[in-house]
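Taking it in order: structure first as structure tokens, then the write-up.
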């Protein structure tokens, strides 16, 4: 399964256009524009599984910086500041990584 099986390609494109400039990425805004915030819990778990590149059950900081590239190969890498802000917003237990439940909570909040 791919992200375009769950999210509309046009919504993904719009979300990526919105954050093309460095330091313009807002996770909440990306989730809204891409349509992620309207998806069911099971769909969000599948999205998380796709984004968890190493299939560790977590999205670590190294994976997070390539977040946009998981949606489109040519997308930019998140800046260090964007990556740290994204991680801090989602990592509720402070373990330095985002679990599936933390991801789902962030998307749906």
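A Cβ is built for glycine as well, from the same backbone N, Cα and C atoms used for every other residue.
Panel annotation: around the domain 'EF-hand 1' (39-74), residues 1-3, 6-7, 12-13, 15-16, 19, 25, 80, 83-84, 86-87, 96-100, 103-104, 107-108 of the same chain, lying at least six beyond its termini, place a Cβ under 8 Å from a Cβ of the stretch. Here Swiss-Prot flags 39-74 as domain 'EF-hand 1'.
Residues or ranges marked as Ca(2+) 1 binding site by Swiss-Prot: 52, 54, 56, 63. Taking the Cβ of residue 63 (Ca(2+) 1 binding site) as reference, residues of its chain lying under 8 Å away and at least six apart in sequence are, in sequence order, 51, 52, 53, 54.
Below 8 angstroms of C-beta separation, residues 22-23, 25, 27-28, 31, 36-37, 39, 41, 44-45, 48-49, 51, 57-61, 64-68 of the same chain, each at least six residues beyond the ends of the domain 'EF-hand 2' (78-109), sit close to that stretch. Annotation comment: Swiss-Prot describes 78-109 as domain 'EF-hand 2'.
The Ca(2+) 2 binding site feature in Swiss-Prot is assigned to 91, 93, 95, 97, 102; the stated evidence is sequence analysis. Long-range C-beta contacts of residue 95 (Ca(2+) 2 binding site), restricted to its own chain and to partners at least six residues apart, with a cutoff below 8 Å, are absent. A coil conformation is recorded for residue 95 (Ca(2+) 2 binding site) in the three-state DSSP classification, outside any helix or strand.
Same-chain residues that are not part of 91, 93, 95, 97, 102 yet have a Cβ within 8 Å of the Cβ center of the Ca(2+) 2 site turn out to be 58, 90, 92, 94, 96, 98, 99. Using DSSP to sort the residues of the domain 'EF-hand 1' (39-74) gives these counts of helix, strand and coil: 18 helix, 3 strand, 15 coil. The separation of residue 56 (Ca(2+) 1 binding site) from residue 91 (Ca(2+) 2 binding site), Cα to Cα, is 16 Å. A sphere of 10 angstroms centred on the C-beta of residue 56 (Ca(2+) 1 binding site) encloses 10 other C-beta atoms.
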